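As structure tokens, the structure follows; a few thoughts come after it.
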Amino acid sequence: MYLISNREMLHHAQRSGFAVPAFNVHNLETVQVVAETAAELQSPVIMAGTPGTFSYAGTDYLVEICQAAARRYNLPLALHLDHHETLDDISAKVRQGVRSVMIDGSHLPFKQNIQLVRDAVRLCHRYGASVEAELGRLGGAEDNVVVAEGDSFFTDPAAAAEFVDQTGIDSLAVAIGSAHGLYQGEPKLDFARLSEIRQQVSLPLVLHGASGIPEEMVQRSIALGICKVNVATDLKIAFADAVKAYFLTHPDANDPRKYIAPGKVAMQAVVREKMRICGSIGKL
Ligand code: 13P
């Protein structure tokens with residue numbers, strides 16, 4: 001098996017009324033957890049990496065590890081470029097085998113966002129890679145990209161139609177109130193806006209910042225057209241908390257195979273739960 005685009009997965013999800021979970025991975029262990037769980041539960045899955053993750057792990061390592069996981073479990077796997085901002089960076093990674101791309105021009109004025117995304121689509125489609133783009137701007141923090149609440153803004157449904165039409169993207173990330181990282185208090189999602197966007201465009205929609213969003217809100221978003229649900233923070237917290245707890249009871253531990261193991265178990269429980277919430281179990 002090799003790395004695939006997310007196009008077929010998301011269309012399958014759209015036709016069947018579920019969402020494909022996209023989990024941010026960072027290294028061998030996090031890829032192992034996601035692949036093993038996807039195989040066990042027969043769930044389609046996307047492994048996502050920010051530019052920071054690809055720099056940390058090395059694109060060559062990450063591509064090879066994900067390909068090995070796809071072969072080992074006979075899984076159609078998408079390794080996805082999460083929030084990538086430049087064509088040079090995307091081009092280099094697509095040439096190394098990545099087939100699922102997000103070009104994030106959400107910080108740019110509308111017309112410039114369109115131009116950047118259109119160029120990314122032209123580049124990626126030559127390689128059969130799928131392209132996701134964001135309209136509106138999510139608040140919160142992911143890696144070193146921090147968007148203050150005042151700088152975030154929601155997706156305008158009418159603009160979404162023009163954006164999709166002018167760019168030729170395969171999926172659209174919407175800003176409807178979710179945020180990257182931890183929420184202060186209960187998140188509020190603008191479901192009316194999501195339905196309006198759905199009426200304007202027919203392509204698969206993407207929900208970023210799904211950590212900390214209650215189950216019923218995620219499921220309502222899926223019923224209204226969300227086909228890809230991005231999760232990072234909830235996995236990191238589960239993993240780190242379990243490793244911290246292990247060190248509290250084993251202060252002299254020094255074998256990474258031992259102290260990392262509880263982190264993987266805790267992360268796996270979250271991956272399973274998110275697959276259940278997304279309705280993706282058994283949908284491979
Ligand atoms: P969270 O860290 O809030 O889950 O967001 C993940 C995400 O949207 C990745 O693009």
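Cβ from N, Cα, C; glycine included.
TrEMBL annotates HIS83, HIS180 as Zn(2+) 1-binding residues; of HIS107, HIS208, the candidate listed for that same site is HIS208. For the dihydroxyacetone phosphate site, TrEMBL gives GLY209, ALA210, SER211, ASN230, VAL231, ALA232, THR233; the one candidate out of GLY181, GLY263 that the record lists there too is GLY181. Of the candidate recorded positions, ASP82, HIS180, ASN230, the one lying closest to GLU134 (Zn(2+) 2 binding site) when CA atoms are compared is ASP82. Rounded to the nearest whole angstrom, the C-alpha distance between GLY181 (dihydroxyacetone phosphate binding site) and HIS208 (Zn(2+) 1 binding site) is 10. Within 10 Å of the C-beta atom of GLY209 (dihydroxyacetone phosphate binding site) sit 26 other C-beta atoms, taking all shown protein chains into account. VAL231 (dihydroxyacetone phosphate binding site) falls within a strand segment according to DSSP. DSSP assigns HIS83 (Zn(2+) 1 binding site) to a strand in the three-state reduction. Taking only the Cα positions, the spacing between ALA232 (dihydroxyacetone phosphate binding site) and ASP104 (Zn(2+) 2 binding site) is 17 angstrom.
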